[in-house]
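Asker: This is the structure, below, for whatever I ask next.
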Amino acid sequence: MDSPTLPHSISASSSTPFASAAVKPHRNKLLSRNGILIIIAASCILLLLISLLIYATVSKSSRNHHNPSHQTPTSDDHPPPETPPSPPPIAQIRLACNATRFPDHCVASLSKPGQVPPDPKPVQIIHSAISVSYENLKSGQSKIQSILDSSAGNRNRTNIATICLEILSYSQHRTESTDIAVTSGDIKDARAWMSAALAYQFDCWSGLKTVNDTKQVVDTITFFEGLVNLTGNALSMMLSFDSFGDDVVSWIRPATERDGFWEKAGPSLGSGTGTEASLGFPSGLTEDVTVCKNGGKDCKYKTVQEAVDSAPDTNRTVKFVIRIREGVYEETVRVPFEKKNVVFIGDGMGKTVITGSLNVGQPGMTTFESATVGVLGDGFMARDLTIENTAGADAHQAVAFRSDSDFSVLENCEFLGNQDTLYAHSLRQFYKQCRIQGNVDFIFGNSAAVFQDCDILIASKHSKLEQGGANNAITAHGRIDASQSTGFVFLNCSINGTEEYMKEFQANPEGHKNFLGRPWKEFSRTVFVNCNLESLISPDGWMPWNGDFALKTLYYGEYKNTGPGSVRSSRVPWSSEIPEKHVDVYSVANFIQADEWASTTA
């Protein structure tokens, strides 16, 4: 508002009745009194105008104080129009997206105005890629819910949609944690969690393909293909950022060890630092509750699940220790996502036994749900017990132990089964001095897992379908993207057969072929380092999955193994000898960062 001006009739430059010296007051007393009245009236008017001016100024200031958006009005007192979003920084986006498997898809997803800030730092581009993945994940969850809502009466589709919703909730949580970890600079954690988020999305996509009998499902499958690519793009950027830092020009597309790409390594496997020996199950733990099969005055629970249910749901860092006394516990145990740092301590292998027999031969059963013990809560640990699935080999997939627990340690534990005994599904897991027994793909999943000083035993199938011999693969790793920080590492392990199986093998060695692994997914990764491989391992060492699938993209490595099954002269050409200068990549500290979370000191 413009400032008011004084009226010309009473301005300082105007003539007044009292301005002339020729006017004499004594000539007319009435006129003098009138002049005085005029002066008084003029003064009142002047004071009134000044008051109005002050009020207007203060009022305007007050409005500006309480309404910041009006602090800089235009000349006509209207607010300025909103500034449109800056155009996307295409050059920087293109550079970052060149480090992904799907660069064009990546650029398109990040080119919406305002999606990436002007002149962005590499971390800001990564954040934007995570955000795009997250928003599409939320849309995917809505699509799955719609499938579930429309699938009443269809058992298989209902089961798949239900499992999808469950694992996508884990994907959502891991994606949220990834974004926080990138901000705080914990890039190894970020990569581990985004690797899991991607695995869950892929698993849902794979499950949907088994029930693609409606247009709604087919369209959702197509949507999830795009989501998997978006998440993989974000993960690819994280890998390059971890390897090359802010120098985006140096970023490269995800590559494998066979391409000559090796991650940076810290302490070596044989450095004498004692790092490997000092990692494992913590000492000095005191039980919070005790489980006894037949009860007792010192035992609060009779089942393991009751004890798990009693653990607090808070995001605690203190371990909740469950002591499980000797006995055979016939039950299905689930450690849910909200139960963190749960610990099982038994009375020894073969003494404390948790047993079940769920398998995919049962109507509506899936591999994921068949586990005798399934763990989702982070920080899970176990020691001195046996977990088994007694379903026979002809029942096909029948999991004894399934883990999606990050920062997980299992020491001096036994896992018994046939096909798919140990499902190391996702995240970072450490198995030390364990005994793992099975026959077909009996260590499988898409986790980053290290097996140290373990006995790996091939068991007899007792199969009516495979009389006279069969092929067995120990591992089936499921890495789906080269940017995932996952794989199986076997350090100082013994690879042999059970006593019963070795009798069968020696009676008919040509009829029994045993392999270190086969590629379940395209970028399968498994290595054996300083292991003893007995004669039951076939000279070619590794087994194809189906034709030439994944043979150009997998990484199967060996280093300084011993025993009659370790000779590499007849190995398949798509396996590798690990260069000595790079073997430290697979240490417990480097591969799963166990030096940060698996100290033997409680």
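Placement of Cβ uses the backbone N, Cα and C atoms for every residue, glycine included.
According to Swiss-Prot, the compositional bias 'Pro residues' annotation covers 81-90. Residues or ranges marked as region 'Pectinesterase inhibitor 64' in Swiss-Prot: 87-237. The region 'Pectinesterase 64' annotation in Swiss-Prot covers 288-595. Among the features that Swiss-Prot reports, substrate binding site is placed at Thr367, Gln397, Arg518, Trp520, with the record citing similarity to another entry.
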Asker: Looking at substrate and its recorded binding residues Thr367, Gln397, Arg518, Trp520, figure out the farthest C-alpha pair and report it in angstrom, whole number.
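Answerer: Max span of the substrate binding residues, Cα based, is 18 Å.
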Asker: Including all protein chains displayed, how many Cβ atoms other than that of Gln397 (substrate binding site) lie within 10 Å of its Cβ?
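Answerer: Gln397 (substrate binding site) is surrounded by 23 other Cβ atoms within 10 Å.
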Asker: Highest Cβ count within 10 Å among the binding-site residues Thr367, Arg518, Trp520: which residue is it?
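Answerer: Selected residue: Arg518.
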